[in-house]
Amino acid sequence: MAREGLRTLVVAKKSLSEEQYQDFESRYNQAKLSLHDRALKVAAVVESLEREMELLCVTGVEDQLQADVRPTLELLRNAGIKIWMLTGDKLETATCIAKSSHLVSRNQDIHVFRPVSNRGEAHLELNAFRRKHDCALVISGDSLEVCLRYYEHEFVELACQCPAVVCCRCSPTQKAQIVRLLQQHTANRTCAIGDGGNDVSMIQAADCGIGIEGKEGKQASLAADFSITQFKHIGRLLVVHGRNSYKRSAALGQFVMHRGMIISTMQAVFSSIFYFASVPLYQGFLMVGYATIYTMFPVFSLVLDQDVKPEMALLYPELYKDLTKGRSLSFKTFLIWVLISVYQGGILMYGALVLFDQEFVHVVAISFTALILTELLMVALTVRTWHWLMVVAEFFSLACYLASLAFLNEYFGIGRVSLGAFLDLSFITTETFLWKVCVITLVSCLPLYIIKYLKRKFSPPSYSKLSS
């Protein structure tokens with residue numbers, strides 16, 4: 001029955017005489033009062049009673065798999081995710097479930113780790129396992145404890161090379177221990193999935209915990225980072241939402257850094273030209289507006305961006321492997337955004353100073369307008385799939401800036417407001433203002449658009465081939 005994947009239960013009985021019961025009760029109470037090895041002594045007394053019993057029946061309960069478990073596991077494997085099965089079931093039941101769920105394919109070799117009790121036996125069994133290639137590993141909790149006690153690093157290294165690992169008869173403590181060992185000995189992130197109270201410690205120990213709300217209660221779902229109702233939802237959670245969240249967070253974080261660094265570069269260039277005078281380039285509401293209403297909505301609209309449709313991400317789970325390469329968020333991408341910020345900040349400030357002619361008071365108006373347009377164009381450059389809210393955010397921010405020119409004209413002067421440096425509103429409608437702003441903005445953004453076009457033409461990303 002266990003080999004067929006059934007949950008087995010043996011029912012038996014034993015009739016006791018008065019003398020036998022009194023003897024058992026006496027020995028049982030004496031074992032409970034023992035100060036040393038109390039649990040072992042109590043177990044020995046109980047075991048002595050459970051002998052020569054009359055067998056009544058044997059039951060086998062089928063624990064059916066949820067819908068779409070097999071395709072979900074196949075999707076996760078294609079996404080480059082290695083799957084370990086940690087269960088409290090006996091070895092035969094765990095092996096059968098692993099085969100029926102296609103965690104282990106029918107024609108795949110399975111190495112059953114023999115029971116070991118000491119260091120020598122563990123060493124011999126690990127050497128035997130080392131000679132196996134491309135086979136799934138099945139190990140019991142007792143053998144696992146011995147291996148981790150003497151050969152922790154060696155066991156984890158060998159197990160990570162297996163296409164699938166099944167640990168049976170695992171206690172909740174062992175499940176959490178395995179998760180922590182993988183975090184310690186590998187550079188990979190761990191995700192623990194469970195549906196019962198025995199999985200709570202494992203879920204809390206993992207980098208990401210997913211609880212399945214089901215017949216065994218809500219303990220796992222309440223302790224997890226994410227809660228789902230069906231196992232099949234894991235595929236969409238990781239491959240679609242997980243991938244999009246990673247890419248959106250990377251784009252948003254780097255763009256926020258760019259937004260702050262570009263204005264810092266402009267201030268540094270301005271101060272260096274004027275002998276490092278302690279005069280702020282932009283004052284008061286201009287700085288507040290730049291950080292909020294002028295650029296906030298377009299930047300935060302990046303959380304709606306997606307490179308491929310959800311259906312395409314589920315159809316090609318191999319796209320998930322790109323996340324492990326760190327192409328979206330790495331030291332290289334950080335350095336690229338720093339260089340872009342320094343380049344654009346220098347161009348905006350230096351261009352405004354070169355083109356101001358004799359109208360020095362207009363430097364702030366020209367440079368700040370070019371800065372706002374550059375930020376809006378950079379958002380458009382970063383977006384891969386346009387959403388209507390992104391378009392609304394772009395035009396709304398631009399409209400807010402143009403409207404603020406009417407009542408914030410005193411902040412567009414160089415130096416203090418008391419110096420009388422104000423913006424002539426008629427100047428922003430002249431051709432001089434418009435062509436200067438357009439030239440500066442074009443020089444700061446056009447090279448990046450050209451680089452993006454050439455990169456997509458000669459070295460397109462993997463998702464672009466699917467989108468086309």
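The first residue you see is number 1, and the count goes up from there.
Backbone N, Cα and C atoms are what each Cβ position is placed from, and that goes for glycine too.
If you draw a 10 Å sphere around the CB of Asn198 (ATP binding site), it holds 19 other CB atoms from the protein chains shown. Under the heading ATP binding site, TrEMBL lists Arg7, Thr87, Gly88, Asp89, Arg169, Lys175, Asn198, Asp199.
The Mg(2+) binding site feature in TrEMBL is assigned to Asp195, Asp199. Under the DSSP three-state reduction, Asp195 (Mg(2+) binding site) is assigned to coil, being neither helix nor strand.
The domain 'P-type ATPase C-terminal' annotation in TrEMBL covers 222-460.
If you look up TrEMBL, you'll see 256-276 (among others) marked as transmembrane segment.
Marked as transmembrane segment by TrEMBL: 282-304 (among others).
Residues or ranges marked as transmembrane segment in TrEMBL: 334-354 (among others).
Annotation source TrEMBL lists transmembrane segment at 360-381 (among others).
Residues annotated as transmembrane segment in TrEMBL: 388-408 (among others).
Remote same-chain residues near the transmembrane segment (433-451) are listed as 340, 343-344, 347-348, 351-352, 355, 362, 365-367, 369-370, 373-374, 377-378, 381, 427 (criterion: CB distance under 8 Å, separation of at least six residues from the stretch ends). Annotation source TrEMBL lists transmembrane segment at 433-451 (among others).
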- Query: What residues, ordered by sequence, lie under 8 A Cβ-to-Cβ from Arg169 (ATP binding site) and sit at least six positions away in the same chain?
  - Reply: Gly88, Asp89, Lys90, Leu91, Ser140, Gly141, Asp142
- argmin Cα dist to Asp195 (Mg(2+) binding site) over the binding-site residues Arg7, Thr87, Lys175 returns Thr87
- Item | Site of maximum Cβ density within 10 Å, from binding-site residues Asp89, Asp195, Asp199 | Asp199
- Note on the structure: Top of the binding-site residues Arg7, Lys175 by count of other CB atoms within 10 A is Lys175
- Message: Checking distant contacts: for the transmembrane segment (360-381), what same-chain residues at least six beyond its ends satisfy Cβ-Cβ under 8 A?
- Response: 255, 258-259, 262-263, 266, 281-282, 286, 290, 294-295, 298-299, 301-302, 344, 348-349, 351-353, 390, 394, 397-398, 401, 411-414, 421-423, 427-428, 433, 436-437, 440-441, 444-445, 448-449, 452
